[in-house]
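*Asks:* Annotated active site, nucleophile per TrEMBL: 24, in sequence order. For 262, 408, 464, 467, the entry in TrEMBL reads [4Fe-4S] cluster binding site. The Mg(2+) binding site feature in TrEMBL is assigned to 309, 371, 372. The domain 'Glutamine amidotransferase type-2' annotation in TrEMBL covers 24-246.
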Ligand code: SF4
């Protein structure tokens, strides 16, 4: 889910926060008491995928009910009076990440519409790469858009479809969109889950209660755990799962193609206690650290993670290198995003609000810092500086992803390419800029080895890794469609 703005070609977001952000998490429940409350719990477990807005649409005896708000799930749905307004045994919900100023309530999902066939609610994780072209065409045909999100094109494509059934209309709509999408949708007769043909974004199916008649769809397994649902399986790339009173059935309307699951989910986005595509994220991150240590070992006294996402990789690194693992940086979990800080002086202090040096673990030591990625480099620079000020003798930075040289167009908030440090500088220059004694990234092959492959197979990578390679597997139609801006846009985005 990404917003279509007057400058739609940019990857979503251009804030000063120096990290990648997941754009959304989705959750759905079918045939369970207190479906909305379960959905609120599921969204809480998926809070890391979007912190700026949430919504739930429930389906009860009196029809659909909706509640949406800006802020964290607990703030929006923590009030019993709100939950009482969302009765029913089925619900869908959505967490949203968006850039400041564009977080309007009208863009908060799930989107809901009344069609001739009844009510329909849909929540989307991902980003459509031809949404602008579709939107222009739909507007010319008289469609009135209520929001500025790309996800709304699903609603209009379903509305104007000439097919009779909801499922056929949905398939008709899906065949017209390009991009990354995991959807949960709800109508009078069914809960529906969909993954795009390449399966870029995750979606899992779970079962509640054991009797086999209550079902859950969620972006990650950690959201199944919180509601006590048993993991059944991943929804497959290109699969539509229809859950109704007859159980679960599956439709695969797309020609088979190799999948391209987002490899960055393993590095950073997914919660470490989730199992993604059959692979535990925590274990994978430790193996990434192990590969990183094999590739770029250096003499040092301690291995220190940049918390939180650097922790499992640093553990893997320390084990492989035989160097003590220490929590030399402590994270304050009660601080919001740095970019809300109003003045330059305060903004400069931002990293210290989030991270503090544990001086006793750093003083006089040669330190290996392990982090998940370098985006703009501003945070890395501040952290290296902080560790030196705490008395470290040497600071060696190790990164558990390859250099991020390209923007993501498939649902992750990244800066434009010219703001990515690795797009403009080689590793030696980057080390100098962030002030580290040495800097190394895991290689692309090393990352694939951590996932159980021999290395990256260029003909069939099996994962999306476009932000490291520029190999965009899904057409960037909106980018391509504007000839007058094409040279600058292609240069900007490295395609
Ligand atoms: Fe994930 Fe990067 Fe591909 Fe985006 S470009 S989907 S972040 S691997």
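Note: Cβ is positioned from N, Cα and C throughout, glycine not excepted.
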*Asks:* Relative to the mean position of the Cβ atoms of 309, 371, 372, the recorded Mg(2+) site, which additional same-chain residues have Cβ within 8 Å?
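*Replies:* Other same-chain residues near the Mg(2+) site: 267, 268, 305, 306, 310, 313, 370, 373, 399, 400, 401.
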*Asks:* Select the closest residue to residue 371 (Mg(2+) binding site) from the following recorded positions, measuring between CA atoms: 24, 408, 467.
*Replies:* 467
*Asks:* Which recorded positions among 24, 371, 372, 464, 467 have CB under 6 Å of ligand 1?
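*Replies:* Listed by sequence, the hits are 464, 467.
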*Asks:* Give the three-state DSSP assignment (helix, strand or coil) for residue 467 ([4Fe-4S] cluster binding site).
*Replies:* helix
*Asks:* Residues near the [4Fe-4S] cluster site, 262, 408, 464, 467 excluded, by Cβ within 8 Å of the Cβ center?
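*Replies:* Checked against the 8 Å cutoff, the neighbours are 200, 263, 264, 410, 412, 465, 466.
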*Asks:* Over the domain 'Glutamine amidotransferase type-2' (24-246), work out the mean pLDDT and round it to an integer.
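*Replies:* Computed over the domain 'Glutamine amidotransferase type-2' (24-246), the mean pLDDT is 93 on the 0 to 100 scale.
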*Asks:* Identify, among the recorded positions 24, 408, 464, the residue whose Cβ has the fewest other Cβ atoms within 10 Å in this structure.
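*Replies:* Among the recorded positions 24, 408, 464, the lowest count of other Cβ atoms within 10 Å belongs to 408.
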*Asks:* Which of the three DSSP states, helix, strand or coil, fits residue 372 (Mg(2+) binding site)?
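*Replies:* Residue 372 (Mg(2+) binding site) sits in coil per DSSP, no helix or strand.
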*Asks:* Quick one: give me the count of other CB atoms within 10 A of the CB of residue 371 (Mg(2+) binding site).
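*Replies:* Here the count is 24.
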